[in-house]
Amino acid sequence: MLWLLVLTAPWLGGSVPISPDPGLRHEQVGIVGGCKVPARRYPWQVSLRFHGMGSGQWQHICGGSLIHPQWVLTAAHCVELEGLEAATLRVQVGQLRLYDHDQLCNVTEIIRHPNFNMSWYGWDSADIALLKLEAPLTLSEDVNLVSLPSPSLIVPPGMLCWVTGWGDIADHTPLPPPYHLQEVEVPIVGNRECNCHYQTILEQDDEVIKQDMLCAGSEGHDSCQMDSGGPLVCRWKCTWIQVGVVSWGYGCGYNLPGVYARVTSYVSWIHQHIPLSPGP
């Protein structure tokens, strides 16, 4: 089945990790086929939180990345709920384990891409959004920025990149306590090949994978529910560059790549709101 964040978000009563019992300790690892992240490897990774009515806690709903001391890049579908206000969200930065000494940042503005649109099988286009924090963050080894690509950067099929998050470790299998951030290496899959896979599985004749989408992953190596909005990064000339934003997929870790918003398609839009220096 398709994994769509809106099916698991706390305001719909879905399954979301909550604050761990201090007595629980599990060593199982995930994203899908992933490993625990060493400290300070991905200092731009953030957790987007929503105040769950049932738990009374700020629950993790999506990932995101810090691209400016006061701005977070995430997926539009993470913040697509009609009437959702910035004041109902929080962002946690510099954390490897969810809910471990939370110091949540207030969100003051949500900017969804105006072309964002949902279809029955996923998202047609522009699954990208910006969140403005209440105040600029002080950068450090634990909290830092990821570089964005230039709009002309070409990410070749077969290139190995990394996706990170606190999402499910398999279909309907949440990341267990202590909710340690996961990473997995995934190969880039060309849009034509990716589109053929999805046309077949979804029985669609129309184009499924648009030009502003990017595919990555292989059997047993994938992002999953609750990873949405998180970064797909590639090592480029000794610099980590964010090339994708986790968007949607069919199952988790099957022999189908995950689908990401292609960051190069939206760098110019991002610059309209945030003054940034492009990467390679």
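Each residue, glycine too, has its Cβ placed from N, Cα and C.
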Of the listed cysteines Cys196, Cys215, Cys224, which one does Swiss-Prot record as disulfide-linked to Cys252? Cys224
Of the cysteines Cys35, Cys78, which is paired with Cys62 in the disulfide recorded by Swiss-Prot? Cys78
Which one, Cys196, Cys215, is listed by Swiss-Prot as the other cysteine in the disulfide with Cys194? Cys215
Can you sort out which of Cys105, Cys196, Cys234 is the disulfide partner Swiss-Prot gives for Cys161? Cys234
If you measure between the CA atoms of Cys194 (disulfide bond) and His77 (active site, charge relay system) and round to the nearest Å, you get 21
Please identify, among the recorded positions Asp127, Cys215, Cys224, Cys252, the one with the smallest Cα-Cα distance to Cys161 (disulfide bond). Cys215
Out of Cys62, Cys78, Cys194, Cys252, which of these disulfide-bonded residues shows the lowest number of other CB atoms within 10 Å of its CB? Cys194
Looking at the recorded positions Asn106, Asp127, Cys224, Ser228, whose Cα is closest in space to that of Cys62 (disulfide bond)? Ser228
The average per-residue pLDDT within the domain 'Peptidase S1' (31-275) comes out at 88
